[in-house]
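Features reported for this protein in TrEMBL:
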- 74: active site, proton acceptor (ACT_SITE)
- 131: active site (ACT_SITE)
- 237: substrate binding site (BINDING)
- 287-378: domain 'Peptidase S11 D-Ala-D-Ala carboxypeptidase A C-terminal' (DOMAIN)
- 1-23: signal peptide (SIGNAL)
C-alpha cells in the first residue's frame, strides 16, 4: 500500500512540475512577443502604418474598427478629383462656381460666397491645405452635378478598392449617420492618392494664399503641422470632430521608401501628431525598400500575332519595390516573368499580359501584374498579306 501511495505522490509531483514548466514556457513566449511588438499609438482608438509600393502592414492597432473619419474623408474627395484631372475631364484652370449650398457649409472653410468662382487649382488648395468644406462641396457639385451624385462616386470608388468597412454620406467628413471608415481603409485610399505626384503640390504645402490680388486675401495654413516639422512628410489629411476626436493620415518619404501612417481617435492634436511621429520613426528605423521597377517601366517585350505592330512592351502596372528589414540579406532574391511569348491583337493599353514574380529561395515575396504599354490594333487582311509576301520574297 505504501508503495502505491509513493508512486501516486511521484506522479502528482511530475504533473505539477510539467504544469509549472509549461506555464513558465508560455510566460516566456508572451514576454518575447511583448518585447517584439512595439508599443505605439497607445492613445489612439486605431492606427496603422503601411509601405506605399507593397502595401505591406508594418504595424496596426484595431485597423478594421469602424470610426468617423472626420475631414480625412477629403482623401477620397481629392482622389476622385485627381482621377478626373488625369482622364482629362477636369482641368486645373477650369472655373468652379460655388452654389448657395456649397457656400453654406460650416466647419473648416475658405468662406466662399454664393456665385463666387475659383479655379480647380485654387479649390484644391482650399481642400488640401485649409480643409475647406465649402470648397469640397463646390468641386463635388462641379464634377457630379450634385453632392449626392459625388457621394455615389465616392462609395463606388471605395467598393472598387475593396474597402468593405467604409461608407460615405458627404465629401467633407462633417458628422452624419452611417458615415464611417477604418484606419486600414484610410491607408489604402491615401496609398491610391499618393500615386498622383501632382497632389503633393497641395498636400505638401504648409502655407499659401487665396484671392491674393484682392482686398479679401485669405491666408491658408496647413492643418497637418507635420508637413513643416517632420522631414519628408508631404501629406495627407487631418480630421477632427467631437465624435471622431483627432485624426491624421500622413504620408512621408525617406531614402526612397514611402510610408502611410494613420491615427484615429487621439485625445488631442498634440498627441495625434506625437503618435504619428512615433509610427513614422518606427517604420523608417526598422524597414527599407529596394526599388526594382517604377510604374510604366519596361520589363519584357513579347511578339504580337496579327497586329499592326509586331511587338509590344510589357511594363510594370505600379511601382515594384522589395520591402525588407534593415540588415536583412537579400542576395538570393530572383525575378521571374510569366508571360506568353506571343499575344494576339487587338491589345489595349493596360491589358494584363503577364506577371512579375519575385522570389527568395522557394518563397514568393511578391507578385505584380505587367501590362501592355500601348494599344496594338489588329492588322487588316491586306496588311497581313503584304507582310507575308514581304517575308516570302526576301527569303532564300
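Cβ coordinates are placed from backbone N, Cα and C, and glycine is handled just like the others.
Keep in mind it's a predicted model, so treat the numbers as computed, not measured.
Packing around residue 237 (substrate binding site) is summarised by its Cβ count: 32 other Cβ atoms lie within 10 angstroms of its Cβ, all protein chains included. According to its DSSP assignment, the residue listed as 'active site, proton acceptor' is helical. Cβ neighbours within 10 Å of the residue listed as 'active site', excluding its own Cβ and spanning all shown chains: 27. Under DSSP, residues within the domain 'Peptidase S11 D-Ala-D-Ala carboxypeptidase A C-terminal' (287-378) fall into helix, strand and coil as 0 helix, 60 strand, 32 coil.
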